[in-house]
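Q: Before I ask anything, let me first share the structure, which is written out below as structure tokens.
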Amino acid sequence: MVKIGVLALQGAVSEHVRSIEACGVEAIIVKSTDELNLVDGLILPGGESTTMRKLMDRHDILTPVIEFAQAGKPMFGTCAGLILLAKEIVGYDFAHIGVLNATVERNSFGRQVDSFETQLEVKGIATDFPAVFIRAPHIVEVEPNVEILATHEGKIVMVRQGHLLGCSFHPELTVDHRITAYFTEMVKESLAKKATV
Ligand code: GLN
């Protein structure tokens, strides 16, 4: 059975587990390299990116996660997870995992609107996805190999770069599992590809 891990050092973990299971796939809580080695794809949840990075260092899992991505295994970052994936973060001179060819800006939807929900058109997935934004980042710019899947008020909020998927919002906080199902398909396709090599 396909196994999708959720990095479980901090943040919205159980919601992702529920969404993965709703897609008929096994969910694995990942806190260590041994657990990472069990999974075919990895979700980096929302939460607080600086805290998550500190915990990744403390659990010695940053390099294994970078290697996981470099091996072509699918990874999906939501909100803080998107910040972890990005190669550039506005105002910071370092990245975290740094594999997604995109520049992100943190907390970019205004202080007065900490969180909001809106219907988004997501290319190839939905015309009406209920997207929950919580102190969300947005994607300022992307390199040519990154496909833009959704924007909100002119700001990029979801992208795909081959086996990497990232979004500014929290698809796991609703009962709409279409985005998790899309990632599940990415994981299945990558396994099928591996099987034919
Ligand atoms: N603002 C958080 C950060 O910068 C992300 C918020 C979220 O994941 N909901 O890490």
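Cβ from N, Cα, C; glycine included.
Whatever TrEMBL says is automated annotation, not expert-curated.
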Q: Would you identify which residue of ARG58, ARG106, ARG160 TrEMBL lists as part of the L-glutamine site it also attributes to GLY47, GLU48, SER49, ILE134, ARG135?
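A: Candidate listed by TrEMBL for the same site: ARG106.
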Q: Once GLY47, GLU48, SER49, ARG106, ILE134, ARG135 are set aside, which residues in the chain still have Cβ within 8 Å of the Cβ centroid of the L-glutamine site?
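A: Result: GLY46, CYS79, ALA80, ILE83, ASN107, ALA136, PRO137.
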Q: By Cβ count within 10 Å, point out the most packed of the recorded positions listed: GLU48, GLU172.
A: GLU172
Q: For ARG106, ARG135, HIS170, listed as recorded positions, tell me which one has the smallest number of other Cβ atoms within 10 Å.
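A: Fewest other Cβ atoms within 10 Å, among the recorded positions ARG106, ARG135, HIS170, is found for ARG135.
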